[in-house]
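As written in TrEMBL, here are the features:
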COMPBIAS  1-13  compositional bias 'Polar residues'
COMPBIAS  135-147  compositional bias 'Polar residues'
REGION    1-35  region 'Disordered'
REGION    135-164  region 'Disordered'
REPEAT    224-265  repeat 'WD'
REPEAT    458-495  repeat 'WD'
């Protein structure tokens with residue numbers, strides 16, 4: 001009928017035979033497409049449903065059509081499910097995924113805290129966030145010093161579901177590798193090498209320093225033994241040839257990585273809590289201790305250059321990029337700015353910021369960043385043991401004067417859990433940080449949000465997560481827990 005109607009209309013208008021043939025062909029194509037779309041008998045019956053005179057002529061047909069489409073979608077969901085030996089947790093998360101799952105699928109995909117452990121029906125694989133069932137299976141894979149996560153490394157970015165409200169730059173493909181060289185000993189601190197994307201080191205509560213490479217294949221390069229108590233902190237030299245470590249055994253040790261040997265030991269009278277190389281003059285080594293002071297040593301000779309006293313134990317510290325300022329936190333929750341002479345190493349206190357918290361908790365993290373999109377200048381991140389995150393802007397012209405810009409109160413912690421800045425995003429002016437937690441998650445926060453500050457979570461540890469660190473290329477994030485497990489997460493590529 002459609003073909004005949006088109007031909008008659010064209011003949012009445014005086015169109016030539018060629019146009020008639022074309023219109024016939026077009027009419028035939030449209031008819032075939034329409035017939036192809038009517039293969040579903042339920043859909044076809046709904047469209048042919050006659051209307052009643054008393055009601056709207058399209059009501060019954062539209063209603064049955066919508067119900068048919070709904071049932072069809074549900075049946076497709078059940079048919080798409082592939083268990084692959086997974087249990088109820090995976091199936092539950094799969095069925096709870098967003099209603100518009102297919103429309104949300106884009107080339108760059110991520111996951112959200114509320115949909116952790118989602119199952120991807122198209123590729124038959126888990127996303128990078130793991131539920132309790134998959135956590136148990138990940139522990140069974142830890143055989144030897146390094147265990148690669150096959151399930152996560154085999155996933156590509158195009159196999160990941162992207163969901164609304166998630167920061168795509170902080171989505172992860174999964175676990176790149178796992179290090180469990182020091183079992184039953186808490187990993188107290190971990191860091192990547194300066195300007196390095198694959199050199200990773202971490203210190204443990206039994207006094208061991210482990211140096212690893214996260215490049216394919218991941219491997220343990222050196223295991224440095226010498227400290228008799230907890231490694232509280234360490235730092236790489238600018239060329240990554242040396243590591244200086246501090247410990248509760250009241251010593252500072254300098255290690256040569258190429259040989260794996262301790263080349264210098266500095267004995268002190270109190271536990272050494274934090275340590276940093278000078279960013280410009282690596283011959284200066286600044287150490288904060290439990291004797292309420294920062295001591296500057298000569299790296300070459302091990303002799304003391306200068307000391308500066310503070311009000312309480314210096315628990316954490318960091319330099320600015322010029323080396324002219326030191327920012328440190330003490331056991332009472334106070335933050336200090338101190339000026340440092342780059343040639344002589346002389347220290348002088350400049351400012352002190354005292355928090356309004358009644359509970360005086362040690363500062364576990366002090367981290368400097370030279371630029372922030374929100375402040376358009378240098379900023380400082382601090383984290384105390386009671387879960388208080390603070391974000392300061394720095395006035396370099398006033399010798400490091402600190403101004404509190406925003407803060408976030410998390411749940412109180414028993415352990416000194418560390419936090420870190422997240423990589424800058426060119427399209428977002430939020431201030432994102434990543435921190436460990438005692439609920440075994442690696443949490444991402446936006447300090448500028450008044451509500452729902454947690455924007456993402458990584459689940460994979462079985463014990464409280466203490467330390468986090470980004471590599472120089474910002475494509476790997478390392479996290480450590482109380483059981484001695486270090487997980488290196490691979491960040492998803494973004495356009």
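Cβ atoms are placed via backbone N, Cα and C, with glycine included.
Please treat TrEMBL annotations as automatic predictions, because they have not gone through curation.
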Response to the item:
The DSSP breakdown of the repeat 'WD' (224-265) into helix, strand and coil residues is 0 helix, 25 strand, 17 coil
Worksheet entry | Secondary structure content of the repeat 'WD' (458-495), with strand meaning DSSP E or B | 0 helix, 20 strand, 18 coil
Worksheet, complete the sentence: In the same chain, residues at least 6 away from the ends of the repeat 'WD' (224-265) whose Cβ sits under 8 Å of its Cβ atoms read 188-189, 191, 193-196, 199, 201, 203-211, 271-277, 279, 282, 285, 287, 289, 297, 299, 302, 316
Worksheet item: Looking only at the repeat 'WD' (224-265), what is the mean pLDDT?
Response: 96
